[in-house]
Each structure stands twice: as structure tokens, then as C-alpha cells.
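What TrEMBL says about this protein:
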DOMAIN    6-39  domain 'Aromatic amino acid beta-eliminating lyase/threonine aldolase'
Amino acid sequence: MDRTVDLRSDTITKPTDAMWDAMHHADVGDDVYGEDPTV
């Protein structure tokens, strides 16, 4: 990878197309009801 990703702030690093695609296709839900597999 020849690109630096600076994760100190969400205003510095802009999501790549691959990042947007991953967020768009992520399975999410309400964590209180146990519906979110990412937590």
C-alpha cells in the first residue's frame, strides 16, 4: 500500500470507495437487542 491512512481524526482521512462500499454493505442493527453482529 503506497497511501498513508491517518486515523487521528475523521476530518483528515476521507473514506476510499472501498471503505464506502464496506460501510454500505455492513450488517448492522441495534446492539441493545443483540441485532448488530459487529459489537
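From the backbone N, Cα and C atoms, a Cβ is placed for every residue, glycine too.
Owing to the predicted nature of the structure, the values given are computational and were not obtained by experimental measurement.
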DSSP-wise, what's the residue breakdown of the domain 'Aromatic amino acid beta-eliminating lyase/threonine aldolase' (6-39) into helix, strand and coil?
8 helix, 0 strand, 26 coil
Model confidence over the domain 'Aromatic amino acid beta-eliminating lyase/threonine aldolase' (6-39) (mean pLDDT, whole number):
88
